[in-house]
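A.B. asks: According to TrEMBL, the signal peptide annotation covers 1-17. Look at TrEMBL and you will find 124-147, 167-185, 197-216, 223-242, 309-327, 339-357 tagged as transmembrane segment.
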Amino acid sequence: MGRLHWIIFFTFTAVSALVPALHASAGDADPIYKSCVEDCEKSGCVKDKCFQHCKFTSDGKPIDGPWYLQEPLYLRWKQWDCRSDCRYQCMLAREEERQKLGDKPVKYHGKWPFQRVYGIQEPVAVALSALNLAIQFHGWISFYILLHYKLPLRPNKRTHYEYTGLWHIYALFSMNSWFWSAVYHSRDVELTEKLDYSSAVALLGFTLILAILRAFNVRDEAARVMVAAPLIAFVTTHILYLNFYKLDYVKLYCLVTDLRNIVSHAQMNLPQCLAHFLGLNFKVCSAMRVTQLLIWAVWAGVTRHPSRWKLWVVVAGGGVAMLLEIYDFPPYHGFVDAHALWHATTVPLTYLWWSFVRDDAEFRTLALHKKVK
Ligand SMILES: [Zn+2]
């Protein structure tokens with residue numbers, strides 16, 4: 001009966017994850033904020049704070065003054081331009097006013113108002129991403145040491161464990177993803193956002209393949225290719241669309257939605273349609289995440305694996321962590337928001353996860369080694 005309860009819980013989590021959590025940004029629609037940004041872009045100042053960048057045109061040349069007063073390259077590369085500085089200062093000023101009036105924080109351009117530290121946008125999320133990266137690295141190294149130095153090897157010096165290569169690839173994908181997550185949270189511009197998104201989608205796609213191969217005990221090379229190929233094709237297409245054909249993708253999506261709306265007499269403008277498109281990507285990611293959680297949960301339920309309890313904890317923790325992504329709340333004191341907390345939950349879960357992987361390697365190796373003997 002307990003098992004049934006869990007399955008109901010995960011199905012519920014799965015369904016609620018597919019409902020897009022989209023909020024229009026109230027902050028940037030606020031007329032006081034809007035006029036603050038407009039004034040700042042003209043004068044270069046918000047109250048007594050002034051920005052040097054506002055004296056330059058967008059290609060880094062000074063509006064007035066000699067050529068040698070060019071803006072430093074590293075600042076241009078970081079895109080700390082007039083607009084982003086104005087937006088940040090106006091947001092801080094507006095939030096301060098709102099707080100005095102007893103109003104709750106609102107989002108600006110899709111993001112909660114965060115306090116920057118040394119120019120880092122979300123310091124807590126950056127630190128947690130780095131910690132996750134370190135934990136992944138530790139897990140990977142200890143997995144390698146266990147397989148190659150502690151467990152018996154085959155006569156050809158290869159490991160008995162059939163999933164060695166897959167876990168190595170997993171480690172690379174996840175470390176890559178945490179690296180770009182740290183970069184993105186320190187400075188979000190289009191490029192860093194795309195890199196973060198793409199590596200997260202790639203990781204999700206690969207872990208889904210891994211879940212299917214391990215849970216269904218797919219050991220045959222040809223069968224593995226048959227499972228992986230369509231998923232790789234799907235994830236690659238999705239990443240390509242996200243990065244290069246986003247506009248056309250959105251247009252197509254809006255057109256289809258529009259046709260549907262004509263039938264249902266509903267109205268949707270372009271910004272709303274864009275928000276829906278972002279929701280679509282969220283759905284693709286959620287669907288991949290939920291599918292693999294369900295696969296592991298069901299497998300943990302039926303298998304006689306000695307470390308299945310670790311799987312249970314990781315799956316349950318992963319389900320709870322997903323709720324943090326859905327129930328978005330503003331950053332506490334401008335630092336810790338739901339997303340940062342979500343990055344915090346993955347730290348112990350990753351640790352336990354690699355511990356399961358090591359147990360699995362040991363369990364399979366000893367079974368196979370006995371057979372060989
Ligand atoms: Zn993140």
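Cβ from N, Cα, C; glycine included.
Give me the lay of the land around each of these features.
C.D. replies: Residues 159, 161, 164, 167-168, 171, 174-175, 178-179, 181-182, 185-186, 335-336, 339-340, 343-344, 346-347, 350-351, 353-355, 357-358, 361-362, 365 of the same chain, all 6+ positions outside the transmembrane segment (124-147), place their C-beta atoms under 8 angstroms from a C-beta of that stretch.
For the transmembrane segment (197-216), the residues of the chain that approach it from at least six positions outside its boundaries are 163, 166-167, 169-170, 173-174, 176-177, 179-181, 224, 227-228, 231-232, 234-235, 238-239, 242-243, 281, 284-285, 288-289, 291-292, 295-296, 298-299, 360, judged by C-beta separation under 8 angstroms.
Residues 194, 197-198, 201-202, 204-206, 208-209, 212-213, 249, 281, 284 of the same chain, all 6+ positions outside the transmembrane segment (223-242), place their C-beta atoms under 8 angstroms from a C-beta of that stretch.
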